[in-house]
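Participant: Below you will find the structure I want to go over with you.
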Amino acid sequence: MATAAATSASEPEAESKAGPKADGEEDEVKAARTRRKVLSRAVAAATYKTMGPGWDQQEEGVSESDGDEYAMASSAESSPGEYEWEYDEEEEKNQLEIERLEEQLSINVYDYNCHVDLIRLLRLEGELTKVRMARQKMSEIFPLTEELWLEWLHDEISMAQDGLDREHVYDLFEKAVKDYICPNIWLEYGQYSVGGIGQKGGLEKVRSVFERALSSVGLHMSKGLALWEAYREFESAIVEAARLEKVHSLFRRQLAIPLYDMEATFAEYEEWSEDPIPESVIQNYNKALQQLEKYKPYEEALLQAEAPRLAEYQAYIDFEMKIGDPARIQLIFERALVENCLVPDLWIRYSQYLDRQLKVKDLVLSVHNRAIRNCPWTVALWSRYLLAMERHGVDHQVISVTFEKALNAGFIQATDYVEIWQAYLDYLRRRVDFKQDSSKELEELRAAFTRALEYLKQEVEERFNESGDPSCVIMQNWARIEARLCNNMQKARELWDSIMTRGNAKYANMWLEYYNLERAHGDTQHCRKALHRAVQCTSDYPEHVCEVLLTMERTEGSLEDWDIAVQKTETRLARVNEQRMKAAEKEAALVQQEEEKAEQRKRARAEKKALKKKKKIRGPEKRGADEDDEKEWGDDEEEQPSKRRRVENSIPAAGETQNVEVAPGPAGKCAAVDVEPPSKQKEKAASLKRDMPKVLHDSSKDSITVFVSNLPYSMQEPDAKLRPLFEACGEVVQIRPIFSNRGDFRGYCYVEFKEEKSALQALEMDRKSVEGRPMFVSPCVDKSKNPDFKVFRYSTSLEKHKLFISGLPFSCTKEELEEICKAHGTVKDLRLVTNRAGKPKGLAYVEYENESQASQAVMKMDGMTIKENVIKVAISNPPQRKVPEKPETRKAPGGPTLLPQTYGARGKGRTQLSLLPRALQRPGAAAPQAENGPAAAPAVAAPAATEAPKMSNADFAKLFLRK
């Protein structure tokens, strides 16, 4: 009734917008009728739902004049000719897009978004037959959401004319309620069935639909109430006395279930019932109220959380599992899957509960089927489905067809194909009656083993560059079946020969597995032969294989066999020991070379450090000489042209020019003339320092401040450049760029906002390109108080919906790569990896909407050539970052306990190298980490009891003059 009210309320609004009719109104209406095609169908569907089959004869229906008025109002702003031209252009554009989508689906039928876009465009163009076919194809591959089903049902209801059409709509409703638990679809189903109450068996049909709806979603605490009320209203409308008991029954059933607004339902029952409410009903009602209080925390948690609310649903499921009510457990699983239909673990848990507890064939198989339609890339769901079908006696042909679908599902790992083949082969093996020498089932099993090996070699190995079965598990199982169940050791030996030729001959466990099979089902001769081959080929544990051979000969062999075994084992072990010694010598030589290189680097650093110290010692004398010769500085420069003095802070201020003239010197070199003396240069540098404002950081404003780094050093006026960027996030109070003492921009700054939410929004601008470099935006955190604080905005774990692409050409742009990736699904995000200078590294991360699209993109794009570069595409799974171990004390051999070296925040600087031998080092206090730059090196105690007095610069100058 709400829909009818909304429809009738919109009519006067449309009339008021239409206004008086003009002379050219008929042309305008004709031009606008196509524009309102979709809207009129939607209104018709909603009106049909509310009014029943005879809606077009009622006064409240949407008449053609109403539609004309709406069309006139819609087209009042433009002339007929202009609108017709715009519409033709839009229609042509839509047709091209429809053709593109159809072609894309012919290539990849599992592209979910292409299906949705095609249905939307076909519906917009009014292609009713085509849109019905498109929906049918999509529903065969994917489960449809509640919105897609309701849209489809409304369109079909609007076109239904007779009883046959009504049966077709009933069939659609039956399919719709099987995909997900949808209270709204059940409500629509019940209301639509009421419209057919006049047909034969109509009343029973309505009651059947409502009863099934209550069984499915009647326990839904927040949405089940609407179904109960709709059912009661229907029964109340039937005024026969015999029907009153049915209404009583509905009230009593509803009041015994914990639902929201139970008090209002109880009050309504008291008002409706002429007789006093029975005591048993009141007791059930009070019990339901108590249960409601237990469920409320979980329901409120769902209301407060945002979709998909997986954690809240998991907690709710755990609670229901403890109570153990199968109906409520099934309901909460179904509710969780509506929002988390792409979570394989949730489907596995649900199907596992049904397999072990309920064991109802139709229910179990239905859930398994829905699971593989939602998550076709998860091999565990397929293997569980095969087991469930076998458990419930499904026909062999159906199971085989399901297995073929699994092979085309697009698994993301080679091992997944091995697992699904294993599940299918196990099923085929259980069908065989091995008491018979030959049977159809046995031949089918052998053919399946042969096909599995060919499939893994041709299909899987070409796609993933690996078979997924390095240990040849499938061939081992086949060999066991032939040996133990078929008594065919000849075939088993052939299989094991093939296993060994695939790189497994060097492993002792493989030979021992073969030996045990021969021991159980073969003969001594073949056992001895297998062990002799194992002794010659095994490289990982040859001693163990030799021991097994000697043990067998000790119990079963002759003297000659014993002598041969001893000779072979001794020869083999001697060769193995020789190889190990050579490998150890080679390893030792490499270690020695590394130590020599390290020693050379250490000496070079020591020499460099000593030279640096000498220069520091000569510093005071040089400065003194410079001060004494300031007046004759120009003459000294001419007399000693080989000496070059460092001019500090010689960068001129803005608007000034440097007063330096350059003249050609001897041998083509340039000699500077008319250069200011150092005293004037120092004065200029001091003035520059005074001009640079000191930046004082207020730590109390860290929550509204962000730290911006990796900016170009050449950026002029950072405040003016950055302010427009960050004002998009909110009001900027201040931008504090950091300059060096010479006035150079240091590439980072602080941006202070007025509100905290603006600062949080600014963090999303991290890695935004500014003058060709990625700008880093991070929270403002005092690292002296939080030394371990790090911000990495990207996940470092397995993300099945995200791809990692390597080998890209450096010239490939984001737009070009996005255009390539769009062909395989909806791209939510694409990130080209760059260095700090903004140069591409040939790597990229592409995030798709779901795991299915990502797996399809891997299969299609891996090995693709882009601008003569062959790219590699894989599911994003970054390696674990190395976490520095906690420092531990270590003890030198024969010496004192040594504390671990402590370095600053920037690692190990060259000036921290200690030239004191480790044996003489004493443990000292660990130096604190510095905020910027390395921490001070730990002090080393001198051998003397008292510390020597510090020497001044003059003392060092005297020592230097004594030389």
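One-based numbering along the chain as shown.
Note that Cβ sites are derived from N, Cα and C of the backbone, with glycine treated the same way.
What Swiss-Prot shows for this protein is this:
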COILED    21-46  coiled coil
COILED    82-110  coiled coil
COILED    559-619  coiled coil
COMPBIAS  1-11  compositional bias 'Low complexity'
COMPBIAS  14-23  compositional bias 'Basic and acidic residues'
COMPBIAS  57-69  compositional bias 'Acidic residues'
COMPBIAS  608-619  compositional bias 'Basic and acidic residues'
COMPBIAS  620-635  compositional bias 'Basic residues'
COMPBIAS  644-657  compositional bias 'Acidic residues'
COMPBIAS  695-712  compositional bias 'Basic and acidic residues'
COMPBIAS  900-909  compositional bias 'Basic and acidic residues'
DOMAIN    801-878  domain 'RRM 2'
MOD_RES   SER10  phosphoserine
MOD_RES   SER16  phosphoserine
MOD_RES   SER215  phosphoserine
MOD_RES   SER650  phosphoserine
MOD_RES   SER769  phosphoserine
MOD_RES   SER795  phosphoserine
MOD_RES   SER852  phosphoserine
REPEAT    242-275  repeat 'HAT 4'
REPEAT    324-356  repeat 'HAT 5'
Participant: Other than its close neighbours in sequence, what residues sit by the compositional bias 'Basic and acidic residues' (695-712), given a CB gap under 8 Å and a spacing of at least six beyond its ends?
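Facilitator: Same-chain contacts beyond the flanks: 718, 722, 733, 736, 738, 745, 747-756, 758-759, 762-763, 770-782, 836.
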Participant: May I ask for the residues of the chain that lie six or more residues beyond the repeat 'HAT 4' (242-275) and have a Cβ under 8 Å from a Cβ within it?
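Facilitator: Here the qualifying positions are 214, 218-219, 221-222, 224-225, 228, 231-232, 235-236, 281, 284-285, 287-289, 291-292, 295, 299.
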Participant: What residues in the same chain, six or more past the boundaries of the repeat 'HAT 5' (324-356), come closer than 8 Å to it by Cβ-Cβ distance?
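Facilitator: Distal contacts: 143, 146, 180-182, 217, 219-220, 307-310, 313-314, 316-317, 363-364, 367-368, 370-371, 374-375, 378, 380-381, 384, 388, 391, 850-851.
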Participant: What are the DSSP helix, strand and coil residue counts for the repeat 'HAT 4' (242-275)?
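Facilitator: So the repeat 'HAT 4' (242-275) is made up of 25 helix, 0 strand, 9 coil.
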Participant: Near SER852 (phosphoserine), how many other Cβ atoms are within 10 Å of its Cβ?
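Facilitator: That number is 25.
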Participant: Taking only same-chain residues 6+ apart in sequence, whose CB is under 8 Å from that of SER769 (phosphoserine), what do you get?
Facilitator: MET775, GLY838
Participant: Across the whole of the coiled coil (82-110), what does the mean pLDDT come to? Round it, please.
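Facilitator: Mean model confidence (pLDDT) across the coiled coil (82-110) is 76.
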Participant: Sort SER769 (phosphoserine) into helix, strand or coil using the DSSP assignment.
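Facilitator: DSSP call for SER769 (phosphoserine): strand.
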Participant: Quick check for the class: what is the C-alpha distance, in angstrom and rounded, between SER852 (phosphoserine) and SER215 (phosphoserine)?
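Facilitator: Distance (Cα to Cα, whole Å): 33 Å.
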Participant: Can you tell me the three-state DSSP label for SER852 (phosphoserine)?
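Facilitator: Helix, per DSSP.
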Participant: Would you count the other C-beta atoms found within 10 angstroms of the C-beta of SER215 (phosphoserine) for me?
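Facilitator: Counting Cβ neighbours of SER215 (phosphoserine) within 10 Å gives 10.
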